[in-house]
Amino acid sequence: MGLFKNRRVYLLTAVAYSGSLLFGYDTGVMGSVLALDSFKKDFGLPIGKTGFASARNAYISSNVVSLLTAGCFFGAIAAAFINEAIGRRPTLMAFCSVFLVGAAIQTAAHHEIGLIYAGRVVAGLGIGGMSAVMSVYVSENCPARQRGRISGLFQEFLVIGSTFAYWLDYGVSLHIPTSTKQWRVPVAIQMIPGGLMLIGLCFLKESPRWLTKKGKHQEAAASLAHVRCETIDHPDVIQELAEIRASIEEELNATEGVTWKECLQPGMRKRFILAFLIMFWQQFSGTNSIGYYAPEIFETIGVASSKTSLFATGVYGTVKVVATAIFLLVGIDQLGRKKALVIGGAWMSAMMFILAAVLATNPPDPTAPGVSPASIGMIVMIYLYVVGYSASWGPTPWVYVSEIFPTRLRGYGVGLAATTQWLFNFVITKITPLAINAIGWRTFLMFAIFCASMSIFAFFFVPETKRRSLEEMDILFGAVDPETRMHDIESAKAEKMLEIEQTEEADVGVLEHGTKH
């Protein structure tokens, strides 16, 4: 019954989070394409070198991957301001169109690595812009009790996109001969979900919270009633609208309409710092080093064959999809945000410590036939590591940052989080190939220390937010006291009921006037 009642929320989520699927696909596809001999031949890269053993391969790989994240960084900054001005839905449509242009440039590239670079930057602008808006759009339409599960689908769509890319690259390596077509097919396919997302957005409604913020109360009521599958005068719709209006009016009264003052207030300052630090720690967990460069990472730990490393990468992605789905179904709204981050960070740290120790004491022998027991053990550690990530620092940060900010600052808050994510994503993707080429197993030791540190950070500094409404976050972070909020909600409810009564009286008057004539 809950699923059917929230069917429009899930439909909106599926369309909006197609941007996350594109994010996942574009990150997964290039890491695997870089391992294909066809791509290396077309762009003059050394063939026969495994992992990041070739300094030139490491340099080109870091450029191809990191330029996407550089574009994402600037796209996220732009989107934070654009979506506040024109709305969540139009902003998503604009950046989806930018992504499609970038994907087309990448597909058309041949023998010119510069075109690949340009296409990655343009596609990154689109993905970064969508990443800063889609979580806001979804969270502002979600009911409080299901928000963790629904908002967390961001990560599920992301890992589905990357896993599909992994298996597609493995498939083309088996069934398409070494040629330009072999790498161009997986690069081109990303335009299909991008086009479907753009079409789907045309049929959705704007966020009721953004409409309320702009003073469009009738449109907000219609939008909220539509997504809740209720009438405008339903008690639940009236109550939720009252909470939204009370929250926004409190923000306006507290700052006299000057947004930047809110960022400096104690209850707000903590939220912006938390958003920055949570995304900082997510990137330094090491997950994107593996996600972007999975085939090369597997070759580094002893899976010498490119086809075998692509297969191992596909299994890695499948583990992420299954683990994320299980966590979203039974974990995030039951276990909570804080516990997931603490336990997940500790688990990932342990797996990375073991991986670093095994790689240091049992380095792979490139001349040995088959895969050694030590290499199999390291592969298992990577799979166990990603189980922990998928049940904690994968989906949880995006849920958390999209729910802690008030309506007036949510776009800026999530924009800051997305920008932070892309900035340090760029740093990690740029240095990973160079680090593994230069310091080897110590790279994984570094990530183990980071994972332990972020677990400690979450334990001491991250407040629990599960099953709280978006408007209750102000109380949690001390921006308003419970008594004031209750009074403002009752006032907003009374105002809304008066509007409904006046509308009904006007309708009756029109009918009586028509009857007399």
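Just so you know, glycine gets a Cβ as well, placed from its N, Cα and C.
All annotation found in TrEMBL is predicted automatically rather than curated by experts.
If you look up TrEMBL, you'll see 12-466 marked as domain 'Major facilitator superfamily (MFS) profile'.
The transmembrane segment annotation in TrEMBL covers 59-82 (among others).
Listed as Cβ neighbours of the transmembrane segment (91-109) (distance under 8 Å, sequence separation of 6 or more from its ends, same chain) are residues 16, 19, 22, 26, 71, 75, 79, 82-83, 115-116, 118-130, 133-134, 137, 184, 187-188, 190-191, 194-195, 197-198, 201-202. TrEMBL lists 91-109 (among others) with the feature transmembrane segment.
Listed as Cβ neighbours of the transmembrane segment (115-138) (distance under 8 Å, sequence separation of 6 or more from its ends, same chain) are residues 12-13, 16-17, 19-20, 22-23, 26, 30, 43, 63-65, 67-76, 78-80, 82-83, 88-89, 91-92, 94-109, 150-151, 153-154, 207, 398-399, 401-402, 410-411, 414-415, 418-419, 421-422. Marked as transmembrane segment by TrEMBL: 115-138 (among others).
Taken from TrEMBL, the feature transmembrane segment applies to 150-167 (among others).
Annotation source TrEMBL lists transmembrane segment at 187-204 (among others). Residues 12, 14-16, 18-19, 21-22, 25-26, 29-30, 33, 89, 92-93, 96-97, 99-100, 103-104, 106-107, 161, 168 of the same chain lie 6 or more positions beyond the ends of the transmembrane segment (187-204) yet place their CB under 8 Å from a CB of it.
When Cβ-Cβ distances below 8 Å are used as the criterion, the transmembrane segment (272-294) is approached by residues 27-28, 30-32, 34, 52, 61, 65, 162, 166, 263, 309, 312-313, 316-317, 341, 345, 348, 352, 382, 385-386, 389, 393-394, 397, 400-401, 404-405, 413-414, 416-418, 420-421, 424-425, 427-429, 432-433, 443-444, 447, 450-451, 453-454, 457, 461-462 of the same chain, each at least six residues removed from its ends. Per TrEMBL, the feature transmembrane segment maps to 272-294 (among others).
Same-chain residues lying 6+ beyond the ends of the transmembrane segment (314-333) with a Cβ under 8 Å from its Cβ atoms: 28, 145-146, 148-149, 152-153, 155-156, 159-160, 162-167, 170, 290, 294, 298, 340, 382-383, 386-387, 389-392, 394-396, 399, 466-467. The transmembrane segment annotation in TrEMBL covers 314-333 (among others).
What TrEMBL lists as transmembrane segment is 340-360 (among others).
Here TrEMBL flags 372-391 (among others) as transmembrane segment.
The transmembrane segment annotation in TrEMBL covers 412-432 (among others). For the transmembrane segment (412-432), the residues of the chain that approach it from at least six positions outside its boundaries are 62, 65-66, 69-70, 72-73, 75-77, 79-81, 83-84, 124, 128, 131-133, 135-136, 259, 263, 271-272, 275-276, 278-280, 282-284, 286, 288-289, 292-293, 397-398, 401-402, 404-405, 443, judged by C-beta separation under 8 angstroms.
Sequence-distant neighbours of the transmembrane segment (444-463) (same chain, 6+ residues past either end, Cβ-Cβ under 8 Å): 274, 277-278, 281-282, 284-286, 289, 337-338, 341-346, 348-350, 352-353, 355-356, 359, 393, 400, 435, 476-477. What TrEMBL records for 444-463 (among others) is transmembrane segment.
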Counting only pairs at least 6 apart in sequence, do the transmembrane segment (340-360) and the transmembrane segment (372-391) share 3+ Cβ pairs under 8 Å?
yes
Looking at the domain 'Major facilitator superfamily (MFS) profile' (12-466) alone, can you tell me the average pLDDT?
84
Long-range environment of the transmembrane segment (372-391) - Cβ separation under 8 angstroms, sequence gap at least 6:
155, 159, 285-287, 290, 297-298, 301-303, 312, 315-316, 319-320, 323-324, 326-327, 331, 340, 344, 347-348, 351-352, 354-355, 358-359, 362, 364-365
